C-alpha cells in the first residue's frame, strides 16, 4: 500500500499537487486516498493509450525503466564468463533445466516476505493471474513438486525480474541474470552443502576477479542465538532482516532499527551486538560451543555442530583458506533453514585497505520450500548457490576498459576483398567455397567497394587474413593473401588455398 | 473489443449468463458492456487474490497456460541444436545482442496488424506501460533506431511471447524460442538477401532433419500482381493475408475468403488464382517477364527483376537446388517490403508422398521498420531470417525417441565410489584432487552408500569410469578403476591415476 501511494505521487508534477487534489475532493482517510490514487492511475493509463494511438512517434525511444540492451561488446564478455561458470557446474555433474519466464501468481506469493511488492504482475487479459519470476529458486521448487522429483543436481541460468528502484550506476537493474546451482535430495549432513561452497571457490578462482572471502553461518545458530539473547519468538525473522543489513550499515544503525522499529529492548540488542561482531574459523566454533548462553541452547548447539562439520569438509575440499565463519551473516530470504553463505569480493589491496566491494555469490539450505507446493506437504531438502553474475560482469568489464583491451565481437577469420570493380560475383564464389570448408568468412555487401575501405574494416574488426581478388590473379589461377597485422602479402595457387588457410589459422 | 468480450464470456458458467446479467442491469450499448466486463474482470481478480491469501494450497500446481518447463533431457537436445545454429551464424560473421524481455507498449503497437491482440501486457503498477516482446525483429529495429546504428550483422536467440490459443500437440506454445539473424545496412540489391537464404540452407543441412525446400517470392511482385489482377489498392494487405493461408488451405477456401470476407470480385480472385498456382525456377521469372498483364506493371517487373538477380546469386551460393520461386508465398507480417522466403520440411518420401510438414525458417526484407522508430524517420534497410527452432527441436526429439537413442544429461566422466563404510572423507579427498585436474567427477552425497547402488547409478547415467575406494587399496596406495560398460576392473597406483584417467578419457 505504502509502496503504491508513494509511486503514485510521482505522477503529479509536484508533491503538493496530490494534497490539493485530495483537498478539492474532500478526501481524508486512507482507503479513500487509495481509491483516488487508483482512479488517477487509470486516467494515466488511458492517456498513455491515447498517446500511442494518436501519435505513434511521440513516445521517448528507450528501453523500459531499469532494463537495458546488451550490445555485442557486452555479449562477448557475458558469454565468456557464463561458459566458465557452466564448465564448473558441469564438472560437478549438474544438468540444465529451464522454466517459463512467468509463473502463476500464487506460486510466488508468500515466498519473499516484504519484497513481494517488487514482483511484476501481468495484466489480467481474461486468463490466469501471472507474475514474472523473481528468482530461480521458487520456480525450481515448484518444478520439483510438480514433477515429483526427489533428487536432482541442476543449474539454471536465466533472467529474473524485480520492480526495484535500482541504483543502475552500481550495476543493479530490474531485469538481470541469475545463475543458480542446486542439489535436491535427502542426503547426509553437509556433504552437498560443502560442495556448493567448493563450487563458489572454483568459479571465482576461474574468473580471476581478485581476492574474496566466503562467509558462512547457520540459520539454526542465528535462531538459537536470538533465543539465548532474549528475542521474542515472533521477532526472529524481522531481527534476522535487521542483522542482514550489517554488510552495508554500521552496528549502531542496525541496533537503532532493532530497538526503534522492531521494538527490541536495548539490553537484548546489545547481547546480539556482541555475537554478531564475531568471525573466525573452527576455533570460534569451539569457543562458542563453550559459551555460557549458547551452550545451554539446543538450537544454537545444533547449528554449531553443523558448522563444525561443514568446516571439516571445507578442509577436505581445500576451501578453508577462503572461508570465514561470520555470525553477522543472516541473508534476507525467508526460506533458508540451515547453512547460509555469501562470497564477498575484497578491494584491491594495492589501492588501499581490503574493503568489501559487494557480494558475488550467495545461497544456503532450504529444506521446507518444495513442501509448500506439494499437496501432501512432502518435503525435498535442497541446498544451492546463486552466482551474482551481473556484478561479476561489471567487475570484468571495468577491468577490460581500464586495461584498454579490445574485445572482438565476431570470430571472422578470412575476409574476401576485391581490388577492382565488377568482382562481386567472384567474391561470392570464393566465400561459398570457404564456408563449405568451415571457415568463418565475410565479404562486402557492396558490388564495388573501395579496396582501402575493405582493408580498413579488417583492421578495425581484428580479422587476421584478407584474400584480395584481382583480375590478373584470377587469370593466373592464384589469390593474394594479406596478413592484416603485418600487412605482408603473398600469392598462393587457388587449389592450395584451403590448405594454406588451415595452416595459417592453425586448424 | 470483440476479443475481450468473447473471453469475458468464459468467466461465467454458461454463455447465457452474461446475457442475463446484462439484462438485469439493463445495459444494451457497447461501451456499457465494456465497462461491465471490466468490472467483472476486476471482481474476478479480487477473487483470485483472496484465494491465494486464504488457501495457498488450493491452486493447481502447474505452469502458466501454453508454457512448459524444459527438463534436462530436452535442454541437452536444445543446446546441441542451438550450438549448430550459432556456429553457422558465426561462420557468416554475426555478432550477438540481447534486449529486455519487455518493451514499452508503444514500441510494439502498430507493428503486427491483427495479431496485436496476442501481445501480453504487464499490469500497470504505477510505472510505464509495458508488454512482453512478440518477436525479436521489432526490438531489433528499436535497438538500431535508439542507438543510431546504420549497419550491423547480428543474431539473437531468445524467448518471445504470444497469447495465442496454441495447439500444443503440434508443438506450439505461448512462450517459445526465436532464433534470428539479420543484416542491417544500405547495400547493393540482393547480396545480403541471398546470404540469408544461404544461411537457412547451411543450418538445415547441418541439423540433418531431412529434405526441405526454400520458397522465395517478392512483395513487389505480389503487389504488382494484385494491381494487374484488378485488386483495389486498399485491399492489397488483406488479400496478401488471404494468399498467406494457401500453405494450409486449398485455393477454393482462400478464394471464398477473398470474395465473401474481403469483398473481391470473383473474376479478380480467379485471375489471382492462376498466378498463385505457379512455382518454378528462373525460367518462370523469364516467362512472367513476358506475361501480358505483369509485363505492363512497373511494380511487378521490379519484383521480377529482383527475383532474377537473387536466383542468380543462389546459383553462386549453391542454394539453387533447395530454392523454389513460389508465387503463393505471401508471409503474414505487415513489415516486409522486398524478398520473402520460407523453408518447409518435406515429409519422408519412404513414408509416402513428399508432403509439407511445416515451416522451419522464414524471413525477408523490411526496409521501413527502423524508420518507424526514428524521430526523423531515417530508414535503415534490413533483411533477416528467423529459424523455427521449436519445430526443429520437436522433429529432432521425435527422431531420437523413435531411434530409442538415450541422451546423456550430464557430462560426468568419473564416479568415485566406496566399497566399504566410513570412506566418505576419502572419496571427498579424491574428488577434490580430480576436480582440481579438471575432470568431471561425482560421488554419493550419502556417508555410507551401497556399492551396488553406486555402480547402478553409473550404468543408468552412462558415466564411463568408476574409481572404487576400499580400505585395502587405500593401504596399498592403489585405486581400482572400473570401466562401466565392460565391467572390467584394474588396479592403478594412486600417483599414476591422473595420467591413467587422461589416457582413458582421451584428453
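Note: Cβ is positioned from N, Cα and C throughout, glycine not excepted.
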Item to check | Recorded L-histidine site member, picked from B:162, B:163, B:172, that accompanies B:135, B:136, B:137, B:178, B:182, B:331, B:335, B:336 in TrEMBL | outcome: B:162
Checklist entry - Out of B:137, B:178, which has the highest number of nearby Cβ atoms, where nearby means within 10 Å of its Cβ, if these are the binding-site residues? => result B:137
Next on the checklist: Is it possible to get the count of other C-beta atoms within 10 angstroms of the C-beta of residue B:331 (L-histidine binding site)?
Outcome noted: 22
Checklist entry - In sequence order, which residues at least six apart in the same chain have a CB under 8 Å from the CB of residue B:135 (L-histidine binding site)? => result B:112, B:160, B:178, B:386
Checklist outcome for this item: The predicted model's mean pLDDT over the domain 'Aminoacyl-transfer RNA synthetases class-II family profile' (B:66-396) is 93
Item to check | Under 8 Å by Cβ from residue B:336 (L-histidine binding site), counting only residues of that chain that are 6 or more apart | outcome: B:219, B:364, B:365, B:366
Checklist entry - Max Cα distance spanning B:135, B:136, B:137, B:162, B:178, B:182, B:331, B:335, B:336 (L-histidine binders), Å? => result 21
Checklist outcome for this item: Reduced DSSP state (H/G/I helix, E/B strand, rest coil) at residue B:178 (L-histidine binding site) is strand
